[in-house]
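Features reported for this protein in TrEMBL:
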REGION    A:1-30  region 'Disordered'
TRANSMEM  A:45-66  transmembrane segment
DOMAIN    A:106-297  domain 'ABC transmembrane type-1'
TRANSMEM  A:110-129  transmembrane segment
TRANSMEM  A:141-165  transmembrane segment
TRANSMEM  A:177-197  transmembrane segment
TRANSMEM  A:218-240  transmembrane segment
TRANSMEM  A:279-297  transmembrane segment
Amino acid sequence: MSATTQLPATPTPPSASSPAGGDAPRPPQRLRRGALRSERPGVRIAAWATVVVCGGFGLLPVYWLLATSLTPRDQVFSYPPKFFPSAPTLDAFAALASNEQLFGYLRNSVIVSVLTAVLSVLVSAYMGYSFSKFRYRGRRSLMYLVLASQMFPQALLLVTLYSVFSAYNLLNTYTALVLSFTTFTLPLCVWMLKGFFDTIPDELIEAARVDGASRLRIIHSIVLPLAAPGLIAAGLFAFVRGWNDFVFALTLAGPEKQTLPPGLVNTFIGEASTAWPELMAASLVVSLPVAIAFIALQKYLVGGLTAGAVKG
Amino acid sequence: MLLLLPGVALLAGVVLYPLIAALVTAFFEQSLVLPGRTFVGLQNIVEVLQGDFLRLLRQTLVFTLGTTILPFVVGFALALALNTKIRGAKVLRGLMLIPWLVPGVVVSFLWMWIFNANYGVMNALLQTLGLVDDPQAWLAQPGTAMGAVILAKTWQSFPWMMVMLLAGLQTVPVELHEAAEMDGAGTVRRFFAITMPHLKGIVGLVLLLEFIWNFQHFDIIYVLTGGGPAGATQTFATAVYETAFQGYDLGKAGALGLLWMVLLMALVVVYVRFSEKGEER
Amino acid sequence: MSTTPLMPSAVSRRRMLQLLGIGAGTAALAACAPSAPGSSTGAASAAATGGAKTDFAFSSWSFTEEAAAPALEAIVKAYQDQAGVTVKDISFPYNEYINQLTLQVKGGQFTGAAHVDVAWLGSLAAMGKLQDLSALTEGRGYTDAALAAAQFDGVQYGLPWTIGAIGLIGNSDLLEKVGVAGDAFPTTIDEFEKTLKDLKGLGGGLIPYAASTKAAQLKDALIWMETFGSPLVDGDTVTIGDDASVEAVTWYKSLYDQKLIAADVDRFDARSLFAQGRAAVYDDAPVGRGAVTEESPDKDLGSKLVPVSRPVLKAGDSPRALVWGGALAVVDGEGAETAADFAQFATSDLDTVLADYEVRGLPPVTTEAQQSEVVASDTFGTQFNERITATSTSNPFWAFTAYSQIETVVAEQVQAVLVGKTDAKTAMQKAGEAAQKLVG
């Protein structure tokens, strides 16, 4: 795998899949990678066929999400449904704007996700740094334990966590959610960050130590800034975990502290009937922040996730 | 060493202790809502084993394998297609990410709506195309429910696979392909001789991670079918949750979890082997 | 707030327990409460609750429902103005409600007034945190039937709020198309099935009977088992698995196979289908009226709704209907005392109840309200009462704390039959055994 060892510190070519960042400057590379300049016609046809079939699978539901959100309430249950809404309306979105409860859930989601991201990055940076730069007994076992912990069934953990948080009066608090989410993001974040720290030359750290910098100082003012892309990747990953989680937020947080996913269930799946247009409109709105954050920062996330694997 | 403290404390408090405590309840009769518990030995475990444990195992495996392989196929196909120089590839790459960015609950709602037996667009589409005569209750027939759930999960996770594989494809040196082409190697041959070896690491990684995540996936199944109809889409994850939080039977939930963990141990061995290999290289 | 230590010796045990319950819940408040408002033995409410009013939480699934929420908000507002306290609204959707409320009560996060389905009283009471509200019922005009519906094990764990039943509701327009006039609905199961077939014959994708077929509301099948003559439970012995229950499920399955009932339908789907004119008959409580008319493109649907008696096995049998209703229970703890006062206000204050009726149209529980002009002149309401509520009985499983788990196991087995995974006899035997285990 000699070819892959020449990757720059930011491990992935930024053009990889960024719709926004397609024109970002490529890092210098000795070998050209990626697509061939010319393809045979057969390949082109196959490529197009794939795009049509798989692309249709990917995008038609998105279209339907949008179409439903624009359908008037009294038409939504007609069958066969209209593939193109005949009288599109923004009523559903207007209804959202006046739904205070939903804003509460949104606020909770933002708070919980941001706190989770920050805490995850801090904790996993320390841990990843320790795994990357120090050698001690039990290091390997601990690393495997951390990695393996994402395999433990979370539905099962929830059973006891519920009682534990209940005993410490932490049910219905942000703390309960942030602590759980942070822990569940640790394995991947630690692993991603360790990959980044591995690329930081030991000489740099040695030099700083010779200059008399303390260990924490080295971490905070030298290592972390160098690993900034990794930190962003880890933070983004943790944010998304907090934003998307359903079952923990449903079980550990009461109506006051619940985040959007269970909030949506509670708001729109009522006894009377399901308000599909509103639900779809809310779904769109919920997905937006993640989409924006992701599209802005995605090259880091992909880079972080592939760091270990591409490094080989 | 102090650097490890926060992480280790979190793991111990949020994962290890609850895990062990939950496994211990497997040997007790304990209710979620009533105080007290009594030791019952292996009774819970025996009951679970005599119950539908094998069915749960089979369904969990079907779900896990389905939701690992199908998104991989779709994601890989798209990655390969979008790695060619077709027009609009960049825009498409961006658009294809949307399903991944949608929260799991929303994915479930959307597909619940699409699959709905009485006003779903899936039936309308298939009827228009003449593929089915009568509207089908996709989520309410044991024969189709699991497939429907897998399809919804596939829709959510294929973009992630695509992104990872695309990133991998971008690292394949073009010169190698060009040289091979000059030597007369066809597209298929070059794919297996050059592309695949380069992607081995990343393919292994995405498959492994997806498998692990899907093995305990909860959200989409729970919201889409709640494990039904007649338990046809129940997996370990939903079964444990339902037993504990709707049946209030902590002992049985613990027993289910214990058996699940035993199975996982086998997986851990594979996982550790894999990580070890990565570490040595 | 010193009622507890000065307990007269003649007081009944139940009353004492009730006071102790309130005393314990409010001990912390008592310490800082302003001077007691003297002995106010006059009004029943003040006698039982006494003390200064405090803020409390009120949970109801109806807050999540567009049609019903305004009624609740009005009640809460009226009470806030009158008592000078703040009421915190809490809501979970109906299908998640009992699980969520149980978790909240168990963890101690929820105290105050809780809107509950009368079916849930048993399992909530088992947690030991519901107050006995019997003292609050005196002199408020609750009907005996309503009071009985909100009791569990003889204890008044809830104040009845809207006690009615679940019965069949038809669309008179569609029924007339097959020659069935509103008051000539088939009385026997055979005739009923024939009518359903006629309706199916109308074509256009019409679902004759939007019966529940999703697990969440498959408990509706229980009433058909009773119609076929199964007692469901006899003393402590579950009788599901007897011939009657097997016949009922076999019949239900045959409707399913003939597509006279549709797959993938729960109460919400049924209402949507009915509102769209795509279903002719469905099962619902009076609360459904608001939901279906609100959502329907047919602004005239309200006048086409007819409550009808459930068909019986043999002509002359008494039609079966399931008691269904809402009660207000009070969970011990912070604010419980005022919450109890609120519960009494919401369920028995005449003006409040009548204003509520205008919006939700749910059967009131006091004699005074039932005889009022507003209620008596409502055709749908009175028909519903005469044809459905009059012969309604409560679900015998409600007497057991594991009632909701019992329902779940039965529903799962009925579903297994519907989707063809197993035959009715095996499934009902299995359901009976599983239910028996839960009964203890």
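Note: Cβ is positioned from N, Cα and C throughout, glycine not excepted.
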For the transmembrane segment (A:110-129), sequence-distant contacts whose Cβ falls under 8 Å of one of its Cβ atoms, 6 or more beyond its ends:
146, 174, 177-178, 181-182, 185-186, 189-194, 196-197, 219, 223-224, 227, 231, 234-243, 249, 259, 289
Who are the long-range neighbours of the transmembrane segment (A:279-297) in its own chain, taking Cβ under 8 Å and residues 6 or more past its ends?
18-20, 65-66, 68-69, 92-93, 95-96, 102, 106, 109-110, 232-233, 236, 239-240, 243-244, 260-261, 264, 267-269
Hey, which bits of the same chain come close to the transmembrane segment (A:177-197), Cβ under 8 Å, at least six residues off its ends?
9, 11, 112, 115-116, 119-121, 123-125, 127-129, 131-133, 146-150, 154, 161, 223, 227, 229-231, 233-234, 237-238, 241-242, 245, 248-249, 252-253, 257, 259, 304-305, 307-308, 311
Can you name the far-off residues of the same chain, 6+ from the ends of the transmembrane segment (A:141-165), with a Cβ under 8 Å from a Cβ of it?
127, 131, 171, 173, 176, 180, 183-184, 186-188, 190-191, 247-248, 251-252
Let me spell it out: take the transmembrane segment (A:218-240), skip the flanking residues so only those 6+ beyond its ends count, and list any with a Cβ under 8 Å from a Cβ in it.
9-10, 113-114, 116-121, 124-126, 129, 181-182, 185, 188-189, 192-193, 195-197, 200, 204-205, 208-209, 290, 293-294, 297, 300-301, 303-305, 307
